[in-house]
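*Asks:* Take a look at this one; I'll ask things after.
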Amino acid sequence: MADTMTIKLVFSGGLELLFGNERNQSVLIPPLVPSDNSTHSSPSSSPSTPSSHNDILTGETKAADLEYLIYHLRDHLLKERPELFMENGTIRPGILVLINNTDWELEGEGSYQLCNNDEIVFISTLHGG
Amino acid sequence: MAPTSCSLCRDAKAILKRPKTGQQICKNCFFFVFETEVHHTITESKLFKPGDRVAIGASGGKDSTVLAYVMKTLNERYNYGLDLFLLSIDEGITGYRDDSLETVKRNQQQYDMPLKILSYDELYGWTMDAIVEQIGKKNNCTFCGVFRRQALDRGAASLKVDHIVTGHNADDIAETVLMNIMRGDIARLGRCTSICTQGEDTIKRSKPFKYAYEKEIVMYAYFKKLDYFSTECIYSPDAYRGHARTFLKDLEAARPSAIIDIIHSGEAFEVKEEIKATQKAQQTCKRCGYMSSNDLCKACTLLEGLERGMANSVITDRARKKMDAIGPAPDNIRTIPLFRSTPTIAVELPSQS
């Protein structure tokens, strides 16, 4: 079973203001997460018991993906104004997402499965030019 | 998902999906198509001629920084023969404009272009902070936009430039089309999709990024590692444009070509003859000489409103008449200095036949 993953984060385009003004951060994400994206359990505990295999089969858990990461960031890292980050269960339109320097639209957007040491960049475009 | 190779060069890994075309392309092909499309926008509309002095409206934000970079690149690559300047307007918004001007000063170093900064304070005697203190947070964009337009023209005239370029992108223009429809502003609707505007007494003004998506400008800046300032104007959350922007972003998420399509619709509008007849003819302002639809230009009208403490009453023409009915402006209020632009005289050479 895979271990907890370190995901590197970069916030720019003004988005860093919502995350305590820290442009570069990182989080620990377990390999399996609840399918309903609930982020109640603490990130450092990773369910690596045999029952988790059944959880995938029953649809209760899924491999950690970008959709989950966004919920996790909103619930655990965001300091203020969640409506400026998420809308309708996904990232707010106008915020660009890059996975390892590649447009997330080429990687499956929310359904991209996270790998250890991935770098996710969030750039807001919602400001004056 | 397996990495896909670029659909243009079929060699390098695709890093971006273009919203305009849906193509999946690599970094270098992206730079090339982005720059080349702007080049085509410029040449097809015949925006410039060799020897033109061009001022780039620079705020330090993403659009104007990328514009300065791309203009410089294209000027050199395709020998436009232009003299490029950076022109910046300081509206006096603490915590926003003062920070972004630092970015423009860095841009001046990075791109090696002369820079001129003109402030509302020196031109009108009012900073945006002071204006908002007087009129509150509604309608302040009207003041800022009207004052900025004049300030850009005056700054450009003092640099003796032939042309101003601004970083308005496809998203901005689509938003403007929507806003003008939502507000029934027919006069503006007819004008807002022109790539190049010119009045008799004002300097030509163009938008080379008219067809460039905001997403692509941001990606370009990111991959080229360009330095820009990115914070919302502190007064913008209350602005009407926000509604149009939110709507447009949702439309784009559902169908990315919506932005270009809205611009295309805007370009195709034709105003009915009966409506055209009611539009006001252009004249010059009796007080400052700038172009105007009425006896006094909007900037002079707004400034008079501020000076007389009745700023909220001059936003619309109707309200303006009410203010006039109260009495004429007192003699000692501050006014905008007379505007004299260098008139462009077309010289026709006799044909040698």
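Any Cβ shown, glycine's included, is placed from N, Cα and C.
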*Asks:* Of the candidates B:Ile42, B:Ile89, B:Ile195, which one does TrEMBL list alongside B:Gly57, B:Ala58, B:Ser59, B:Asp63, B:Gly167, B:Asp172 as binding ATP?
*Replies:* B:Ile89
*Asks:* Looking at ATP and its recorded binding residues B:Gly57, B:Ala58, B:Ser59, B:Asp63, B:Ile89, B:Gly167, B:Asp172, figure out the farthest C-alpha pair and report it in angstrom, whole number.
*Replies:* 19
*Asks:* Report the mean pLDDT of the predicted model across the domain 'Cytoplasmic tRNA 2-thiolation protein 1 C-terminal' (B:283-311), rounded to a whole number.
*Replies:* 84
*Asks:* Quick check on the domain 'Cytoplasmic tRNA 2-thiolation protein 1 C-terminal' (B:283-311): DSSP residue counts for helix, strand, coil, in that order please.
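*Replies:* Each residue of the domain 'Cytoplasmic tRNA 2-thiolation protein 1 C-terminal' (B:283-311) counted once, the result is 11 helix, 4 strand, 14 coil.
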*Asks:* Using a 10 Å radius around its CB, how many other CB atoms surround B:Ile89 (ATP binding site)?
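*Replies:* Looking across every protein chain shown, the total is 25.
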*Asks:* Would you kindly determine which binding-site residues in the set B:Gly57, B:Ala58, B:Ser59, B:Ile89 have their Cβ under 8 angstroms from any Cβ of chain A, listing them in sequence order or replying 'none'?
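*Replies:* Qualifying residues, whose Cβ lies under 8 Å from chain A: B:Ser59.
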*Asks:* Among all the protein chains here, how many other CB atoms are within 10 A of the CB of B:Asp172 (ATP binding site)?
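*Replies:* Around B:Asp172 (ATP binding site), other Cβ atoms within 10 Å: 24.
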